[in-house]
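Colleague: Provided herewith is a single structure, encoded as structure tokens, for subsequent inquiry.
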Amino acid sequence: MDNDDLVVSQDEYSPRGSSFGAINSDSLYQQDDTEGNEEKLSKPQEQSYSRIFAFVYILNLIVGVGAIAMPKAIALAGWLLGLVLLIVLALLSYMTATYVIEAMATANAYGKSKEKPEDRNMKTMTISRQLFSSATLIEQSSELQSPLIQSSLTLTECVPSPSAYTINKRFELGDMANLFFNKLGIVLYYIAIILYLYGDMAIYLVTVPKSLVNVTCIIPHFVNSTLSIKECYGFLLPIWLYRIYLVIFIVLLGPFLFFNLSKSKWLQLITAIMRNVAFVMMILIALVYIARGNYHIATVANIAYLPNLFGVIIYAFMCQHSLPGMITPLKRKKGVNLLILFDYISVLLYYAALSFSAVFRFSPSEMEDVYTLNFFNIGFDPVSYYLALFPVFTLSTNFPIIGITLRENLKSLYGYFKCLIPSLVARFPIFDHWFIDKVIFPFLAMVPPFIIAFFTMDVELLVGITGSYAGVCVQYLIPVALVFASRRVIIRERGEYKNPHKSPFSHWIFLIGVVIWSVICLILVTIDRLDFYFHFLEPSYNRTS
């Protein structure tokens, strides 16, 4: 995935309404929009949309710039190994997406159980008034008085009670973590999210300058994810031109991290169109070259590159953090798991077309870790420049949003620690100084990824590490923990658990299986990373391009 639509699914950005934001304690539960009878009697606060639009939104949410690192990862690992892992990880990602939806429904039920009695009475009175008004109109239009109006039954008894698990309040992952996790769980949640966002920022900071070097350098070629040692413009090494672009990028866009801003829906639409046009272009160009006989006999399988491929594919399927913003405004949520399944099947086919057209067109040594760079010298300048520069535009528009989200999560974690040590905070007012909030946190969000990008230009490595560690936590472990903890809380609160949005993979065996899979993969990836630097495994295992 890339996180083009990572945090913004509404026109306005709110720190507490981000995809990772903490719960607003002033309003544990607030009615937004509903289904069934309530849906007709209340005014939704979020703009709702149909299943077709939801399908498109979620598709664009998953398919992102992260996919441009996938072709080389599959080329190195082999097409058969890549295909198997692509299918397996797509299924696992779908499973945990259904866990997020189930946890959202449970959070709504828990919020309703904590709702004040007077608030519930007010809603009942509102429904009763509207029904009484309708009944009065029926009486006036008939000469006979309706027996139902004279019966001893109250009007509210004629109204079917909506399901407590109706998803009509938007609970983000941070909201649900605060509802269902203990203190340690909340801290671990924020650490995982923060590390994931740091990885995102570093990937953005590397990809944009690297694409610009490819366009502006006289010798615009890269070798094995490392910049060429040849000079640009007769006096600049590409590595220094890359770092100049990196500094310019952070100087121009870094200041936005000191403010709040939003990415408008029109801008989201434009970036989604640009991204999909670029991907379709790359697929078609590669297929044309293959049809003309310019193809490569791809590697079938190379187990040495499996750990890195694992991280890249996880990153490409990431969407769990943004599902609340996509699912909550949906008009009809019945069968939402089936809708998500169709999205995952479509994304799987999309990724397969992009990756396997690349694998059979380019050899691993020719493949760039930013796949768009392979098309810069195809002989048609408009297409070449479009493909080379589209990551620059799409990532530049998203970079401030990702940075602001990271900043707000750092603040949330800091605020949580302050709540744990109130006496120390009261003793030293510096903890609440405006300088920390307005200056320190933006710099904390900006500087670490800048340092990483300054010393490494390997997008494939960054995507692999981000997906393998923080990505495993966000995509697998956090959804499993949320659905497990939410079930325990709601059973303790209500005495039963009848969630209509229950995941089809709700059995405890699936939960344990995802956790075991995650732990095994983390161990294998860690061993692979250590061997990459210390070479302690057998020589036959060591990577060769």
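Just so it is clear, glycine is given a Cβ too, placed from its N, Cα and C backbone atoms.
Automatic prediction, not curation, is the source of TrEMBL annotations.
The structure displayed is predicted, hence computed values, not measured ones.
Below, the features straight out of TrEMBL:
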REGION    1-26  region 'Disordered'
TRANSMEM  52-70  transmembrane segment
DOMAIN    54-108  domain 'Amino acid transporter transmembrane'
TRANSMEM  76-94  transmembrane segment
TRANSMEM  179-199  transmembrane segment
TRANSMEM  240-261  transmembrane segment
TRANSMEM  273-291  transmembrane segment
TRANSMEM  297-317  transmembrane segment
TRANSMEM  338-363  transmembrane segment
TRANSMEM  383-406  transmembrane segment
TRANSMEM  435-455  transmembrane segment
TRANSMEM  461-484  transmembrane segment
TRANSMEM  505-527  transmembrane segment
Colleague: Write out how many residues of the domain 'Amino acid transporter transmembrane' (54-108) are helix, how many strand and how many coil, based on DSSP.
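Modeller: In the domain 'Amino acid transporter transmembrane' (54-108), the DSSP-based counts are 52 helix, 0 strand, 3 coil.
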Colleague: Would the transmembrane segment (240-261) count as touching the transmembrane segment (297-317), i.e. at least 3 C-beta pairs under 8 angstroms with sequence separation of 6+?
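Modeller: Since fewer than 3 Cβ pairs under 8 Å link them, the transmembrane segment (297-317) and the transmembrane segment (240-261) do not come into contact.
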Colleague: Under 8 angstroms for C-beta pairs, at least 3 of them, ignoring pairs fewer than 6 apart in sequence. Is the transmembrane segment (435-455) in contact with the transmembrane segment (505-527) by that rule?
Modeller: no
Colleague: Going through 52-70, 179-199, 240-261, 273-291, 383-406 one by one, which has the most CB pairs that fall under 8 Å from the transmembrane segment (461-484)?
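Modeller: Between the stretches 52-70, 179-199, 240-261, 273-291, 383-406, 179-199 has the largest tally.
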Colleague: Residues of the same chain, at least six outside the transmembrane segment (273-291), with any C-beta under 8 angstroms of its C-beta?
Modeller: 4, 60, 63-65, 67, 350, 353-354, 357-358, 360-362, 371-372, 375, 378, 383, 386-387, 390, 393-394
Colleague: Tally Cβ pairs under 8 Å between the transmembrane segment (383-406) and each listed stretch (52-70, 179-199, 240-261), then give the stretch with the top tally.
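Modeller: Counting Cβ pairs under 8 Å, the winner is 240-261.
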